[in-house]
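Record features (Swiss-Prot):
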type: COMPBIAS; residues: 68-79; note: compositional bias 'Low complexity'
type: DOMAIN; residues: 211-357; note: domain 'YDG'
type: BINDING; residues: C434, C449, C475, C479; note: Zn(2+) 2 binding site
type: BINDING; residues: C434, C436, C440, C447; note: Zn(2+) 1 binding site
type: BINDING; residues: C440, C475, C481, C484; note: Zn(2+) 3 binding site
type: DOMAIN; residues: 495-639; note: domain 'SET'
type: BINDING; residues: R505, G506, W507, D541, Y543, R593, N596, H597; note: S-adenosyl-L-methionine binding site
type: BINDING; residues: C599, C658, C660, C665; note: Zn(2+) 4 binding site
Amino acid sequence: MERNGGHYTDKTRVLDIKPLRTLRPVFPSGNQAPPFVCAPPFGPFPPGFSSFYPFSSSQANQHTPDLNQAQYPPQHQQPQNPPPVYQQQPPQHASEPSLVTPLRSFRSPDVSNGNAELEGSTVKRRIPKKRPISRPENMNFESGINVADRENGNRELVLSVLMRFDALRRRFAQLEDAKEAVSGIIKRPDLKSGSTCMGRGVRTNTKKRPGIVPGVEIGDVFFFRFEMCLVGLHSPSMAGIDYLVVKGETEEEPIATSIVSSGYYDNDEGNPDVLIYTGQGGNADKDKQSSDQKLERGNLALEKSLRRDSAVRVIRGLKEASHNAKIYIYDGLYEIKESWVEKGKSGHNTFKYKLVRAPGQPPAFASWTAIQKWKTGVPSRQGLILPDMTSGVESIPVSLVNEVDTDNGPAYFTYSTTVKYSESFKLMQPSFGCDCANLCKPGNLDCHCIRKNGGDFPYTGNGILVSRKPMIYECSPSCPCSTCKNKVTQMGVKVRLEVFKTANRGWGLRSWDAIRAGSFICIYVGEAKDKSKVQQTMANDDYTFDTTNVYNPFKWNYEPGLADEDACEEMSEESEIPLPLIISAKNVGNVARFMNHSCSPNVFWQPVSYENNSQLFVHVAFFAISHIPPMTELTYDYGVSRPSGTQNGNPLYGKRKCFCGSAYCRGSFG
């Protein structure tokens, strides 16, 4: 008991208070009782009802905080002598909703069954039917990334996170393709894969920082915005400006960490090392300004970075012609030199920032702009020997270039697109193909070709390989599905390749185009040989592919646990070929003969079988392990011969010295 102003209060009665969510409403008795009303916290409300604290403030001042991004910086007073960009007073942040889509919005909400119209309310709600949802948290899944590595990454970890994300994305795309198309539903397996990786800790560089990001290199390419988020290069999944709040002289203030120049605004500049960047906001859609931009959030952060001389990471967004999508190239650090306000094409004020690339960095965007000029022929490629060494055999030209010495080209060979098999190398008996009309539909188990692939279509809708398998079975030319997408390796080269002279490894192969992980590059063309008959001549043949070699194992497929699948369903990634296959491209071959060995390759080989001239043969197809930037040499692991044994404790010791220069170089191959 406690005395208070002459009265006694029994405090034990106060301690028995229950949370509001445990109380049940008490309805008045009688037929004239008013109906029970349920209305949104911001209204509208029926007559006689009003909101209660904390929802009593105006709706305009309410917004959902973005838990994945830094909160809006506090308002700063306008200085007495502002620069041109400060000519407008910044409005209150609360009146402008966040442009960044929270990652939690990609998860499906837990809803009730059926439809309901609330009696006595002016608001009608349609409650969708309950459906199973995937939880991003899985107590049984271990990401394998500790807290320290999650905050600060390295090159190996960055590549691992990107590979795991894309493997999961390809699996989700495969599952979506197998479903019936629903009108108005846009399939975004990248968002689903990204939110899953975020929720389960498959990410790195979560500690936001300006400047260099550990493990991310200049020239790295990304095909999805979520990839940049997972490796800490650029956190927002939609906004073009990323920033963090730091302590200023008198108060906290935002500084920009990175920007994405998506090309939606007038950002083009003749000099590839200079970027005129348009601020964010004021746009109803991506093509047209609808109102004046405001000095807040990212725009304010860029202005503060200008005053602090703080470098900003720049990611260039480019159009990918082959898939009608965007590709992003990390172009390094830029310094903000000046800012101003000008009228845009739509007549509204926009903030402009001039950024200049820091000197001493390797080229990235500049190389891409040079490649676009090479494709037009003006100017011509420096060191060009032949514009098309295939003489039109390939649908896309393959250039021959030497910028190293005076060598005019490799030794003569016949260019071909098909493997030459003798009668003794028909590896399998022909089988009946499918009877699908026009194309094989993913998920159709009546298709003979899909059944041979284990019930799953081996490629996504845009021709990307989903998983490595012991063998992939493609539809043959004799199948009636003329427009089938299960003929990826039979369609020839689809990227602009270049054979070039290397500094210390002879001729090599690279691409003018960025190559997406899982993309088909080419098959290995040559003459099939009997290993027992060519054992002696193989030592003098630098253009031999041997499927019997021993290769370093590596993990490329998706993780069933990350996809909420049974781990026992994980398929083998080891190739299985019925008979030893050796292909010599010394006299007859294609561009594959110029791919050099690397102990850390960016390309892998996959056995593919399809019928040709009423006989089934195995072909060696090459696919990209990861995203490959333009002008990066394409390499694969040659492996070592099985009888080589061990040397210096290394079971993979080959006959030839390796010059790949990789940090994981084993010193030899072949």
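For all residues, glycine too, the Cβ spot is worked out from N, Cα and C.
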Test of understanding: give the count of other CB atoms lying within 10 angstroms of the CB of C660 (Zn(2+) 4 binding site).
20
Based on DSSP, name the secondary structure state of R593 (S-adenosyl-L-methionine binding site): helix, strand or coil.
helix
Does anything in the same chain, at least 6 positions from R593 (S-adenosyl-L-methionine binding site), have a Cβ under 8 Å from its Cβ, and if so what?
F413, Y524, V525, G526, Y543, A585
For the C-alpha pair, I'd like the distance in angstrom between R505 (S-adenosyl-L-methionine binding site) and C479 (Zn(2+) 2 binding site), rounded off.
42
Run through the Cβ atoms and count how many others sit within 10 Å of the one on G506 (S-adenosyl-L-methionine binding site).
13
Cα-proximity to C449 (Zn(2+) 2 binding site), 10 Å cut-off, over binding-site residues C440, C484, G506, C665:
C440
If you measure C-alpha to C-alpha, which of C440, C484, N596 (binding-site residues) come within 10 angstroms of C475 (Zn(2+) 2 binding site)?
C440, C484
To the nearest whole angstrom, state the Cα distance for the pair C660 (Zn(2+) 4 binding site) and H597 (S-adenosyl-L-methionine binding site).
7
DSSP-assigned states of the domain 'YDG' (211-357) in counts, ordered helix, strand, coil:
18 helix, 63 strand, 66 coil
Which secondary structure state does DSSP assign to W507 (S-adenosyl-L-methionine binding site), in the simple three-class scheme?
strand
Candidate binding-site residues G506, N596, C599, C665, pick with smallest Cα gap to C436 (Zn(2+) 1 binding site):
N596
Taking DSSP states H, G and I as helix and E and B as strand, how many residues of the domain 'SET' (495-639) are helix, strand and coil?
15 helix, 53 strand, 77 coil
Mean pLDDT, the domain 'YDG' (211-357)?
88
Distance [Cα-Cα, Å, rounded] between C440 (Zn(2+) 1 binding site) and C479 (Zn(2+) 2 binding site):
10
Extra residues within 8 Å (Cβ to Cβ centroid of C599, C658, C660, C665), Zn(2+) 4:
H597, S598, S600, F659, G661, S662, Y664, R666, G667, F669
What does the structure give for the C-alpha distance between C479 (Zn(2+) 2 binding site) and H597 (S-adenosyl-L-methionine binding site)? Integer Å is fine.
36
